[in-house]
Amino acid sequence: MEQPRVFPVDAPVEAAIDGKNFSFSEQSIRSRFVARVFILVSLMFAIVTVMCAMPFIFPAFMVWVQNNMVFLFVAMGIFVVVALVLMCSTSVRRSYPLNLIALGVFTLAAGYMTMATASAFNVQSVLLALCITTCSSAAIIFFAMFIKKDLTSLIGIAYVLGTTLMFFGFTAIIACFAFNVPFLYTVYAALGALLSMLYLAIDTQLLMGGRQFELSPEEYIFAAMQIFLDILNIFLFVLQIFGKTN
């Protein structure tokens, strides 16, 4: 299974390139890479935001979404399949325009899933979650950019925490339905939001480079997916914590 390339910073460079010129070239390439990723992420969230607004603008459409849950499961299936293809296939991620088409399908599937979830809550809850997510994500990104500590060294710990949280989530869901212990799901959502914030900080440093590990500038599709999913998960967890259902 092919994985995105994550390079140690001290990887050897070609001897034919002068050190000073290479440093300038590398910085220029990295800057374009970062700009491209954040442009893609902005476009992805613009699409998702428009989709999430539609049920609140058109009440009849909200009723249709809530009464036709089969399309939610279709969107989930498309989301999982396209995400796996993009994460596991280097050739698809780097083949223009196939990579952008796949990313667009991925975004639409994620947008429908988010829209269906948001439609179950009142508009005040959705706007509150949106504001909290926007402010916290912006703060985390700037924090990760300028902090001296190398958070990429925490990748292993972050994945262990993620696996542990997944099993805790299953337990919380069972407890909610079987034993009527809803506060466990709130605890799960709070821990999920915090862990997603840690993921966002780590992925931001992988994107920026200059740390122990960094993403190749060729992996702009993978980087955009990671940042997008981190922020989207923060929004969904925050919505579960503070949201009030219709």
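Using N, Cα and C of the backbone, Cβ positions are placed for all residues, glycine too.
Whatever TrEMBL says is automated annotation, not expert-curated.
These come from TrEMBL:
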| type | residues | note |
| --- | --- | --- |
| TRANSMEM | 33-58 | transmembrane segment |
| TRANSMEM | 70-88 | transmembrane segment |
| TRANSMEM | 100-121 | transmembrane segment |
| TRANSMEM | 127-147 | transmembrane segment |
| TRANSMEM | 154-181 | transmembrane segment |
| TRANSMEM | 187-208 | transmembrane segment |
| TRANSMEM | 220-242 | transmembrane segment |
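Most Cβ pairs under 8 Å with the transmembrane segment (100-121) belong to 33-58, among the candidate stretches 33-58, 127-147, 187-208, 220-242.
Only pairs six or more apart in sequence are counted, and the transmembrane segment (127-147) with the transmembrane segment (33-58) gives fewer than three Cβ pairs under 8 Å, not enough to call it a contact.
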